[in-house]
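Trainee: This is the feature table in TrEMBL:
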BINDING   B:Gly165, B:Arg166, B:Ser167  NADP(+) binding site
DOMAIN    B:4-119  domain 'Tetrahydrofolate dehydrogenase/cyclohydrolase catalytic'
DOMAIN    B:139-281  domain 'Tetrahydrofolate dehydrogenase/cyclohydrolase NAD(P)-binding'
2 protein chains.
Amino acid sequence: MQILDGKRCSEFYRAQISEIVKKIIAGGNSAPRLSLFMIGDNKNSELYVKLKEKACRDAGIETRVHVLSENASEERLKEMIYEENADPETAGILIQLSLPGKFNESRILEFMDPARDVECFLPVNIGGMFLRNDTKIVPCTPLGIMKLLKYYEIDVAAKEVCIIGRSNLVGKPLALLMLSANATVTVCHSKTRNLAEITKRADILISAAGRAGMIDDKFIKPGAVVIDVGSSRVKKADGKYEARGDCDFEKVSKVAGHMTPVPGGIGPMTITMLLYNTVYNYILMKKLDITMNI
Amino acid sequence: MQILDGKRCSEFYRAQISEIVKKIIAGGNSAPRLSLFMIGDNKNSELYVKLKEKACRDAGIETRVHVLSENASEERLKEMIYEENADPETAGILIQLSLPGKFNESRILEFMDPARDVECFLPVNIGGMFLRNDTKIVPCTPLGIMKLLKYYEIDVAAKEVCIIGRSNLVGKPLALLMLSANATVTVCHSKTRNLAEITKRADILISAAGRAGMIDDKFIKPGAVVIDVGSSRVKKADGKYEARGDCDFEKVSKVAGHMTPVPGGIGPMTITMLLYNTVYNYILMKKLDITMNI
């Protein structure tokens with residue numbers, strides 16, 4: 001059983017992204033900038049924004065973080081997003097979700113210039129991804145999964161790929177990417193009957209159910225590649241919390257051929273792809289003669 | 001074996017659409033209008049446009065057909081599409097594809113006001129369909145398949161649905177609709193290995209491969225529902241051409257529980273859904289207090 005090490009793979013990609021940023025700056029350009037919005041008091045959001053800030057800094061990407069109180073008006077938020085839209089050095093805008101209940105998330109996301117939507121949240125961008133093969137920006141988690149498989153030279157073409165979960169962020173866009181890469185794709189979800197029977201057919205199983213430990217050895221075809229996107233917050237015996245994947249690692253690892261751990265699997269890849277998208281987007285926006293063939 | 005009769009089902013829906021148009025007019029509104037563009041000399045396009053015109057007329061929907069020669073400039077075409085965009089009585093715009101080679105199809109489609117894109121061709125609309133469950137406009141063929149199944153009271157929830165074909169017009173949007181309807185969905189295509197083994201698992205098999213007769217009894221689970229979206233032009237013994245589906249009807253019908261014929265299956269449903277979308281769109285645009293719960 002081989003561990004698919006998302007941390008190692010992230011380091012590999014981040015080093016390359018870093019090199020590209022250096023090349024951009026050496027060409028007389030300013031560093032690409034990611035502008036983040038954090039609204040309201042939310043410990044999780046704070047943690048994620050900090051992680052993203054640090055990852056950007058390490059890669060040479062500039063960040064600008066706007067922190068607004070929950071009392072901020074939608075009008076004010078719109079104004080600030082519009083300012084970022086108009087800034088030629090802002091390569092990406094990220095609005096940290098979830099927003100406090102009083103805000104209409106999809107309406108606020110729509111304030112973003114689609115050309116700066118580095119998470120591929122807007123309909124026009126997800127539609128572009130759906131329709132084209134010469135995809136521009138792709139959602140970070142599905143992209144991270146594809147890049148992890150590429151890093152480990154696991155080819156998906158003509159393989160049976162099974163995805164558990166049909167979310168807008170993972171399951172559905174990943175299904176599209178896998179189809180473009182010539183996989184035969186099955187999407188399962190909470191209403192699927194005989195789940196284990198279906199997942200057991202898969203050469204590559206991706207679980208994005210968000211239910212800690214729901215997948216054990218009975219769900220796995222011997223030798224399969226297993227990607228665990230789950231990350232549930234679970235209370236341990238000592239009262240502390242930890243992130244737990246969808247897979248029962250001990251049981252699954254006895255049957256699978258390759259497997260991502262939680263933590264240290266898809267988590268770091270998602271943030272790495274945010275860096276990737278920001279730099280890629282900057283190159284597109286500025287029409288730089290730099291290819292990002294990584 | 002039950003035939004899923006697309007003609008009968010179409011008549012059922014068209015009668016209801018017709019009633020809704022009458023209600024719209026009775027409310028003091030003008031009839032919804034579909035504006036069609038046909039560019040260049042193409043016998044197939046001519047035939048399709050005529051079919052659509054007739055179907056609209058029969059349902060009480062107004063049509064306006066713009067016929068342009070292949071020599072027309074993109075600029076002129078843009079101007080004409082913009083005029084339709086600005087017309088408050090135009091509920092839908094349809095640009096009959098394929099266009100002569102000199103035209104850039106996706107650029108020309110983008111001239112359309114997304115609110116009038118009754119075929120759901122534009123990225124922003126297909127993205128909206130991808131992201132939302134409160135879908136507005138949905139591509140005609142996939143919608144026609146869902147409505148045919150509804151008409152015959154065939155529930156897709158928790159069923160294994162297999163789709164052959166990953167096109168932007170059928171396979172991919174149908175997969176999304178099926179997922180929203182709680183089916184477990186597999187998408188196969190030309191690169192799929194052991195196709196018959198995979199399709200044989202399906203409670204509901206939809207073939208949109210476009211290869212006449214490629215599906216026989218060995219691909220079918222006994223009792224399955226089989227929807228044939230294929231329509232290949234095949235030369236008969238007498239030298240004439242006919243439309244032929246993906247399924248070998250004689251062989252498949254011995255194993256399947258329900259099956260659409262070709263012709264008379266999904267073909268008429270696609271045009272019916274164009275009428276549906278046009279009227280539905282008109283109701284949305286004019287914010288009429290009429291529901292289209294059919």
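Keep in mind that glycine also has a Cβ here, set from the backbone N, Cα and C atoms.
These numbers come from a predicted model, not from an experiment.
Describe the structural context of each listed feature in the structure shown, including burial, neighbouring residues and relevant distances.
Mentor: Spatially close to B:Arg166 (NADP(+) binding site) yet at least six residues away along the chain are B:Lys172, B:Val187, B:His189, judged by Cβ distances under 8 angstroms.
Mean model confidence for the domain 'Tetrahydrofolate dehydrogenase/cyclohydrolase catalytic' (B:4-119) is a pLDDT of 96.
Residue counts for the domain 'Tetrahydrofolate dehydrogenase/cyclohydrolase NAD(P)-binding' (B:139-281) under DSSP (helix as H, G, I; strand as E, B; rest coil) come to 51 helix, 30 strand, 62 coil.
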Trainee: For chain A, which of the binding-site residues B:Gly165, B:Arg166, B:Ser167 fall under 8 Å by Cβ?
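Mentor: In terms of proximity to chain A, the binding-site residues that count are B:Arg166, given in sequence order.
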Trainee: If you count other CB atoms within 10 A of each CB, which of B:Gly165, B:Ser167 wins among these binding-site residues?
Mentor: B:Gly165
Trainee: What are the DSSP helix, strand and coil residue counts for the domain 'Tetrahydrofolate dehydrogenase/cyclohydrolase catalytic' (B:4-119)?
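Mentor: Helix, strand, coil within the domain 'Tetrahydrofolate dehydrogenase/cyclohydrolase catalytic' (B:4-119): 59 helix, 20 strand, 37 coil.
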Trainee: Using the Cβ center of B:Gly165, B:Arg166, B:Ser167 as the NADP(+) site position, which other residues in that chain lie within 8 Å, going by their Cβ?
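Mentor: Filtered neighbour residues, in order: B:Ile163, B:Ile164, B:Asn168, B:Leu169, B:Val170, B:Gly171, B:Lys172, B:Val187, B:His189, B:Ala208, B:Ala209.
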